[in-house]
Amino acid sequence: MLYEEKPWDPIKVNPQDKKRVAYFYDSDVGNFSYGANHPMKPHRIRMAHSLIMNYGLYKKMEIYRAKPATREEMCQFHSDEYIDFLARATPDNLDLFNKEKFNVGDDCPVFDGLFEFCSISGGGSMEGAARLNRGKCDVAINYAGGLHHAKKSEASGFCYVNDIALGILELLRYHPRVLYIDIDVHHGDGVEEAFYTTDRVMTCSFHKYGEFFPGTGELHDIGVGKGKHYAVNVPLRDGIDDVTYRSIFEPLIKTIIEWYQPSAIVLQCGGDSLSGDRLGCFNLSMRGHANCVNYVKGFGIPLMIVGGGGYTIRNVARTWTFETGLINQTILGPDLPFNDYYEYYGPDYKLDVRPSNMYNANSPEYLSRILTEIYSSLEPTKHAPSVQMQPIPADIRGFDDDTAEDSKEAMDTKGGSQKNRDEIVVADNEYYDKAEDVHMVKNYSDHEKTNSNSLSESARDGNQVMPNSANSVGSTAVSSGTASITQATSLSNNETK
Ligand SMILES: [Zn+2]
């Protein structure tokens with residue numbers, strides 16, 4: 001397929017098409033600091049939250065504080081040794097550990113509260129996935145997540161625990177195929193690697209490629225083994241603008257969704273692809289970035305939104321706020337409401353992030369060439385793979401037992417009346433169109449409680465990254481007998497990429 005420039009249409013929403021949105025926020029997250037001169041600022045999540053609240057979006061969605069992810073939960077993807085290190089290392093005792101082994105240092109410093117920070121990020125994505133799984137929301141949002149560079153046994157690119165891989169593993173318990181889309185300016189290498197050898201997860205990353213971190217994400221990296229053709233990389237040059245980005249994003253995502261037929265989508269919304277980012281080199285306006293969110297949302301497939309990079313923090317907060325509005329079918333007005341961090345938004349105090357006049361190095365010829373190659377690689381995915389399912393493993397969060405998560409403790413702030421609608425029983429197999437998927441889908445009304453230990457070898461000694469059922473002690477698990485899941489695999493180590 002050749003590149004064809006589409007004119008820019010103003011972003012539209014349909015107020016009638018109400019989504020049930022679960023928004024995860026932990027008020028502790030803004031207190032963590034990577035260090036004064038480090039570009040990654042967890043504070044930006046608090047800034048976004050304040051703006052979101054002051055625009056009144058709490059009236060339209062349910063707001064939750066997720067249970068922080070435990071060591072055991074993190075070990076569904078990560079190695080025990082690495083998580084043990086994250087849990088025990090502090091700035092004061094770091095000399096006792098092999099820092100090089102886990103790649104901590106300048107980019108990924110060990111800071112006070114590091115493990116707690118990772119727990120908040122990971123917990124939000126896991127709980128978001130769990131709510132989507134049970135049809136309790138249509139969209140889950142976790143801006144503390146999106147840490148796409150984290151590897152099984154090491155930190156990378158300001159990321160320590162890969163909340164996205166954890167969330168996708170949770171989704172795979174119910175969903176035969178999950179699509180991961182990454183619009184951060186950096187390649188989504190940690191997530192790609194986690195699912196590089198499986199067709200259960202398709203990854204699609206749009207990123208700057210060429211003398212840029214992390215150096216991976218080349219056009220011809222398309223997956224291996226069963227995962228061949230199920231990794232898509234869109235290597236871009238500096239200065240891509242709204243029109244150009246949209247003109248490749250929309251047709252490519254449309255094709256992937258039509259061919260692959262995912263039953264859940266995870267969208268990483270890194271804000272470092274915005275114009276004027278401290279580390280990025282793209283030229284997207286807030287609306288160009290948000291158009292991706294709105295476009296993906298329009299397919300009506302259960303969707304998880306996670307954060308990611310973003311280093312000009314006022315612009316990250318602006319954009320994630322605008323996108324939260326779109327998810328709630330609202331186009332927010334241009335004047336920022338008063339909020340806790342109002343002074344950050346001067347001198348104009350407006351919502352928009354505007355593009356600059358930087359040169360767009362992505363020529364139509366270049367984009368035609370990469371699109372042509374991507375489409376030819378995608379050809380074999382035309383017919384979505386069916387999945388041979390095994391029994392769903394124990395839910396180690398205990399979310400299959402519905403009593404816990406709607407308690408007063410779990411509901412941080414109530415906004416509106418979504419909870420009542422949550423009570424509506426989800427129709428069996430609602431998300432599955434394909435006949436061959438139907439038999440393997442959990443029947444929500446037919447839960448049979450058991451502590452199933454049915455699935456999966458541990459992640460720790462091989463390539464397997466599926467939930468480690470040995471960790472399910474004390475949780476209430478569900479097995480319907482027909483619902484099942486196959487194992488996803490990861491590359492066994494980073495050197496293979
Ligand atoms: Zn990034």
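From the backbone N, Cα and C atoms, a Cβ is placed for every residue, glycine too.
Unlike curated records, TrEMBL annotations are generated automatically.
TrEMBL lists D184, H186 as binding divalent metal cation, and of D95, D106, D272 the one it places in that same site is D272. Going through D107, D112, D199 against TrEMBL, the one listed in the substrate site together with G157, Y311 turns out to be D107.
Checking the recorded positions H149, D184, D272, Y311 against ligand 1, the ones whose Cβ sits under 6 Å from it are D184, D272. Listed in sequence order, the recorded positions from H149, D184, H186, D272 having a Cα within 10 Å of the Cα of Y311 (substrate binding site) are D272.
Here the binding-site residues are D107, D184, D272, and the one whose Cβ sees the fewest other Cβ atoms within 10 Å is D107.
Residues D184, H186, D272 make up the record's divalent metal cation site, and a Cβ search at 8 Å around their centroid adds V185, H207, G270, S273, L279, G280, G308, G309, G310 from the same chain. On the backbone, the CA of D272 (divalent metal cation binding site) and the CA of H149 (active site, proton acceptor) stand 14 Å apart.
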